[in-house]
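**Student:** Have a look at this one before I ask anything.
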């Protein structure tokens, strides 16, 4: 055969291999896009606590199970909270089974703090997907399904049965989800040998395997103290007593954090402590009136100032560092004749005027060396004058 003929055959063979390679790459790309698309579809289902759409999530997972010919059953151990169980039957179902668990609900979000809406599952140019559940833990649930899809496509068939469990309620304790499932006769009948669940996300391309679980301990600290007027100072106020407990916890937290920062110890080997919420005060009619007047923002700190407002602002900047403070109301003190706002003056005798008689009662000597001229009013002649200064 002439050399030109060999060149044509070789060229044709190389072209065929190139086309085959392009087809394989194209199929892989299409497959990858389909995987991401299915993941995004799951992320867009609103399963945010406290009103997750569990049924829509279960319907979606069931549709994926049917495409893989997996057995499926839905149970409601608690009404309105469906639990979905899928089964990939093994060639020897008498062997202890593998259970892969995930949860369908996600925690609430503040939309204003997200770059993209957390229910839109937007993917940027770097391939990052912005969505609630993209890490905790709709990603893992879809990874189970896509892994089975890949294994089936390669011709693999498991020897022992594999179960996929999609539980509700995890983000609020799991009592109506995983706990009820684990206590059920159904779970006991599965002959489960090992359960795999979520761990921690990995910032690198490596996958970490977690073989233990730290015990959660949720506690509420309740502090009490004497009630009183916002203009007085009291010993052992409720907030003061609570701060003592918080400071004790803070010191312990710092000691654990120091161990972690020093290196040589895994995050699972230290005790993590974080304060989740703080609530104070007793509901009262006056507080409700204040909330209506100020768009639901009651004062967190009530202060009576004996300093000019400009000095208070400068001192507050020194005290309150790297925190956001919003003043719900600032009431400047103005004298009867329209004198300027609060000004620091030396203590003077302050006349107390009776609201009933309109006559001067007696001079009241202020106990502060830096007080403000104030006219006090009292409801009757037998009550003492109260001064806020």
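Glycine residues also receive a Cβ, built from the backbone N, Cα and C atoms like all the rest.
Model, not experiment: these values are computed from the prediction.
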**Student:** Per TrEMBL, which of 83, 103, 229 sits in the Zn(2+) 1 site along with 136, 198?
**Tutor:** 103
**Student:** Tell me which range among 288-338, 339-389 TrEMBL lists as region 'Disordered'.
**Tutor:** 339-389
**Student:** If you skip the near sequence neighbours and keep only those at least six away, which residues in the chain come within under 8 angstroms of residue 171 (Zn(2+) 2 binding site), Cβ to Cβ?
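**Tutor:** Expected: 49, 103, 105, 106, 107.
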**Student:** I need the neighbours of the Zn(2+) 1 site defined by 103, 136, 198. Which other residues of that chain put their C-beta within 8 angstroms of the C-beta centroid, in sequence order?
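**Tutor:** Neighbours within 8 Å of the Cβ centroid, excluding 103, 136, 198: 102, 137, 138, 140, 170, 197.
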**Student:** Taking the Cβ of residue 105 (active site) as centre, how many other Cβ atoms lie within 10 Å?
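**Tutor:** Its Cβ shell of radius 10 Å holds 25 other Cβ atoms.
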**Student:** If you measure residue 170 (active site, proton acceptor) to residue 198 (Zn(2+) 1 binding site) at Cα, how many Å is it?
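**Tutor:** So the Cα of residue 198 (Zn(2+) 1 binding site) lies 11 Å away from that of residue 170 (active site, proton acceptor).
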**Student:** Report the same-chain neighbours of residue 198 (Zn(2+) 1 binding site): residues 6+ apart in sequence with Cβ closer than 8 Å to its Cβ, ordered by sequence.
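**Tutor:** Expected: 102, 136, 137, 140.
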**Student:** According to DSSP, does residue 170 (active site, proton acceptor) fall in a helix, a strand, or coil?
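**Tutor:** Residue 170 (active site, proton acceptor) sits in a helix per DSSP.
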**Student:** Sort out for me which one of 136, 170 has the most neighbouring CB atoms within 10 A, since those are the recorded positions we care about.
**Tutor:** 170
